[in-house]
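Asks: From TrEMBL, for reference:
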DOMAIN    9-70  domain 'Cation-transporting P-type ATPase N-terminal'
TRANSMEM  45-68  transmembrane segment
TRANSMEM  74-90  transmembrane segment
TRANSMEM  234-252  transmembrane segment
TRANSMEM  264-288  transmembrane segment
TRANSMEM  645-666  transmembrane segment
TRANSMEM  672-692  transmembrane segment
TRANSMEM  713-738  transmembrane segment
TRANSMEM  753-770  transmembrane segment
TRANSMEM  791-811  transmembrane segment
TRANSMEM  817-839  transmembrane segment
Amino acid sequence: MSTAPPPSAPHPLDGGLGEDEAALRLRRDGPNELPVSRPRGLLRLALAVASEPMLLLLVACGAIYMVLGDAHEALMLLGFVFVVMGISFFQQRRSERALDALRDLSSPQALVLRGPTPRRIAARELVVGDVVLLAEGDRVPADMDLLEASNLAVDESLLTGESMPVAKEAAASRQATDAAKAFSGTLVTSGTGRGCVTATGEHSALGRIGKSLAGIAADATPIQHETRRVVKRVAAVGLALAGVLALAYAITRGDWLHGVLAGLTLAMAVLPEELPVVLTLFLGLGAWRLTREKVLARSIPAIERLGATTVLCVDKTGTLTANRMTVRRVWSDEAVYDRVSSAGQVLQEELHGVLEYAVLASHRRAFDPMESAIAFAGQRLLAGTEHLHADWTLVDDYPLSPEMLAMSRVWQSPDRQERLIAAKGAPEAIVDLCHMDADQAAIVAAQVRAMAQDGLRVLGVAQATFDAAALPALQHDFEFRFLGLVGLEDPVRPDVPDAIAECRKAGIRVVMMTGDHSATALSVARQAGLMTDAPPITGVELAAMSDEDLQARLAGAHIFSRVQPDQKLRLVRAFLAHGDVVAMTGDGVNDAPALKAADIGVAMGARGTEVAREAAALVLMNDDFASLVTAVRYGRRVFANLRKAIVFVVAAHVPIVGLSIVPVLLGWPMLLMPVHILFLQLIIDPACSVVFEAQPLEADAMKTPPRRADQRLFDAALLVRGLWQGIGLLALLVAVYAGARLQAAPDVDGDDVARTLTFMVLVLSNLALIQTNRSWARGPRRRDRESDRQFAWIALGTIALLGLVLAVPAVGRLFSFAPLSPALLAAALGVSVLSFSWFECVKWILLRPGAPGGPR
Ligand SMILES: Nc1ncnc2c1ncn2[C@@H]1O[C@H](COP(=O)(O)OP(=O)(O)OP(=O)(O)O)[C@@H](O)[C@H]1O
Ligand SMILES: [Cu+]
């Protein structure tokens, strides 16, 4: 493939390509993406399947049957090999599909001009010649020549290794230098720009060096590590037991082949085959369920940590509030205008200048809702006056920075010599720029407090003129004159108070971290239902605190105001050091480090920057705080259901392991053969875990505090619960087997009848075991359509399979079964009901307050 760039397009100055032309080019040049290497071929899958221990055990058993001359059994086991492979394949495909879907949802976007208004499209659809808008926090989606750049700086470390942002400017001529180009994959750290795409996909600078951006991580989660450890240990113990059993059999009965077979059967019974499967399935399906709630999980480990969240750090604008700003009040020391109380009146003459300069200090094509609101108010309240200046040209601008919360724009009017500078920003910053005396500053501060207490976000507005040719480097070097204040209203989202109340009941602390003024923060906090007993801690106070002081203040603090992004990082670290599990929302470029540091970084899908989304583990696709609480609920549910499934797995294994050992010890004929264990282990049990996955959260689960961060998935409580249920069932089954053998006529197939009866009870009890463990709560189980239906299907399927084995003699022979009389069938049913009562008893006993293995 040639690396020469495709024929370059003329640079359209605006408008960009038409849709038809773009579609044509997309077909010609291919999508704007790098080929991903996915070594997931059949070979790999086959290898993965072939190395599964269950398969090896199967093959070994098959070989022994061959040697024994039982071709039927050998063939049947071979059949099961395909079942195992089929299940593996199906599982892998299912989880990969889920991951692919998540990848698609989190793929990068680009703001492109194809027609009069910018449109957001998937970056993979970009073509050469497209005109793309860039803003702070974007990943540059393709190589492009810059047509326009304003304070644009780009982090090119991905390409060059150089971590300092590089300043960019618009191309002066067609021969663009690197300073007038933006490269695919680099990061816009500040400013805005407009570029014309020159190369996409493999032709881009990024494509040529063959790097690709990290996608969704499918890393193993801590729980998966824990599970692997447990499975390994159990398998080791199982193998040792199997060896001992084989030896015992061989020595006591002098039959080596059957001894090894008994050992292998036990190994199969012990192997917790379904655990890893259950885990992958639960986490993967958990992520999938979350997407239906408009929450995208970019990292699977986040799903399991969500339920343990103890502290939720939220920003204010757009998370707690709707980010729908309107100008509510305009103030100068001569007049006040209030949108509500002055409704219907015209804006007083004294306030015209304030609004005029607020508009001049905003971008013409505003991205920021605050600036849109100011522009809108200007259009409405200044219409027909001489204060709107469509004919002025922008000379330069000074952006907002963490050190100076104000921005200025420098304008040239066609009929004036000197340039006019408009500034707006945090009132403190504007007062500072205006070099006010103390009395004046106090008057302004009092007014700011009054407006902020009404929940308004307050901006100061100032004006300056400038004659000299060269503009100064700092905003401070202008002679600013204070004009007045603008108060913006941003309503609290209607569902936020309920969501926060739910967090409180669930023992989760909600902490607000905002760049806004303390009084505004406090007022919004009150409306949202946050704890407001302690005064906010400001960024300035924070900077003066040592880490120890901070730890001491942390417990009582719920609002942090005027904090800078790096202070958010410090706060997150402080909570983590305190032992909290921290979820944090953020949307700006500067939030990325804190989002990464938090246990669960949360970005907004629509409002957040690309960078924030990349750094986050969760993306709220509808920007809705309430769905974050939903996500926490799902996190708790996944963990709770995993524990239920594990208890079931433990309880289901005890009887099959026991029934593999007991007959050998007592000198009885072997009860369970490999085929019986496979029937349970490979078909019934995995299907059953699907039911647990779909269980709804217990009614009171969001009214109890989060689980401890260090709580293990497998703990003594689970073991106790599972063992009690399992041992009871085992005792019952041994009694059934012994009784049936005693009862049966000592002739031909008395053993087979006993085996049939015992197996039937075992299978039915497995169903009872599920029904019991579906809910561990006091009182009747919550009805839930989805899991009820699934349980019904699986119970029907199981009973049908059982019926097949019992009723069709050819199949029955493979299981060494004999037909059961109606009386015995009824007896089997009766005993199964008995085992169900036992499971329920265990559940009630464990519900006692303080009992080990209680619901949590
Ligand atoms: N476009 C702007 N023009 C002027 N001043 C601004 C602008 N954007 C922000 N500011 C000032 O900077 C302050 C901090 O803004 P910033 O956007 O950093 O807050 P934030 O941390 O995102 O707040 P929140 O927690 O409410 O989302 C604002 O209170 C405001 O005074
Ligand atoms: Cu006027």
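Quick reminder: no glycine exception, Cβ is built from N, Cα and C everywhere.
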Asks: Does the structure show the transmembrane segment (645-666) and the transmembrane segment (713-738) touching, where I'm treating 3 or more Cβ pairs under 8 angstroms (sequence separation 6 or more) as a contact?
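Replies: Output yes: the transmembrane segment (645-666) sits against the transmembrane segment (713-738).
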Asks: Under 8 Å for C-beta pairs, could you tell me which stretch among 74-90, 234-252, 672-692, 713-738 has the largest tally with the transmembrane segment (264-288)?
Replies: 672-692
Asks: Short question: which residues 6 or more past the ends of the transmembrane segment (234-252) have a Cβ under 8 Å from it?
Replies: 53, 258-260, 262-264, 266-267, 269-272, 660-661, 664-665, 667
Asks: With Cβ distances under 8 Å as the criterion, find the stretch in 74-90, 672-692, 713-738 that has the most pairs with the transmembrane segment (753-770).
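Replies: The stretch with the most contacts is 713-738.
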Asks: If you average the pLDDT over the domain 'Cation-transporting P-type ATPase N-terminal' (9-70), what number do you get?
Replies: 72
